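J.: Feature table excerpt (Swiss-Prot):
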type: BINDING; residues: 30, 31, 32, 33, 34, 35, 36, 37; note: ATP binding site
């Protein structure tokens, strides 16, 4: 699906905007602080229920307003879908799909698979394991129907188990939680392992095009010892877990390691190379989704020129065009994106929260 229309009300510094969008490239050009990134963030929020620069809803609601409103129209091959999200300062959300309320944010995420590339996105590579788990979980969410429910139940059970660790004295008292936790943990780990294995060649091929000077390898670590039953791990770790008051092993401790020439990428690659790698991974993930399901990603790219020279920008642009996906790109100057423009693209100018085309 592509986003054909976007309405924004009281989001960041944007009071009102009604944008007719291209199914191809959409460029948002403006000075720093103009609001161009806010447009990208509005699209992201419409598909995720939260902003990517702040987790506190009050910070993205326009000054002295009580709530923001986002509305979009999605055009698929056979039908059009209307979606909407309202969120107030207390964080209460209302999701509307095709005119009916009561929907879940996960439904928006399913309708709008998107990849985000920002200057802060290096955390995928040099941040903690949670960012790389999120990378795998994005793929599992869009690939496995039962993943989101299983993942939500796992989070709930881990929270309950950690609370129980403060109160119990014998492992047998934890068995009611572990009886539910173990099959969920094993299923989620299986999904992650299968996904990381399935997409590995796509990632290797794309990374080779972007960073031919490096040999990159990828490895999934499930969060507990190989060839060890998770039930045994939980029982054996009980005393340590009780002392720590949290569960030290499990899928919530998984990681997806990326190495260049045998060394961690964060220790080997320059900032420009890290950005290229991040772009390559996001592209590979989106292309894999399209090949497996026929669904296309929506790409959000903030500050396109940052860290990339002309040749690398050209390579990224050509690969994005080849996906035939909808792409939103912000830039300080039109000169940075003019080579990407064609007869199907749209150029928006953003100034102090006002957007014109």
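These residue numbers are counts, starting from 1, taken along the chain as shown.
Note: Cβ is positioned from N, Cα and C throughout, glycine not excepted.
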J.: Just jot down the residues in the same chain as residue 31 (ATP binding site), at least 6 apart in sequence, with C-beta under 8 A of its C-beta; none if empty.
T.: 332, 351
J.: Cβ within 8 Å of the ATP site's Cβ centroid: which residues qualify beyond 30, 31, 32, 33, 34, 35, 36, 37?
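T.: The answer, listed by sequence position, is 38, 330, 332, 350, 351.
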J.: Output, ordered by sequence, the same-chain residues six or more apart from residue 34 (ATP binding site) with a CB under 8 Å from its CB, or 'none'.
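T.: Set apart from residue 34 (ATP binding site) by at least 6 residues yet with Cβ under 8 Å, we have 350, 351, 352, 353.
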J.: Using Cβ atoms only, which residues of the same chain lie under 8 Å from residue 32 (ATP binding site) while being at least 6 residues apart in sequence?
T.: 332
J.: Same-chain residues six or more away whose CB lies under 8 A from the CB of residue 36 (ATP binding site)?
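T.: Same-chain residues close to residue 36 (ATP binding site) (Cβ under 8 Å, separated by 6 or more) are 28, 29, 30, 330, 331, 350.
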J.: Which secondary structure state does DSSP assign to residue 36 (ATP binding site), in the simple three-class scheme?
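T.: Going by the DSSP assignment, residue 36 (ATP binding site) falls within a helical segment, counted as helix.
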J.: When you measure from the Cβ of residue 37 (ATP binding site), which residues in the chain that are at least 6 apart have a Cβ under 8 Å away?
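T.: Those within reach of residue 37 (ATP binding site), by Cβ under 8 Å and sequence separation of 6 or more, are 53, 302, 303, 330.
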J.: Look at each of the binding-site residues, 30, 33, 35, and point out the one with the fewest other Cβ atoms around it within 10 Å.
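T.: Candidates: the binding-site residues 30, 33, 35. Fewest Cβ atoms within 10 Å: 33.
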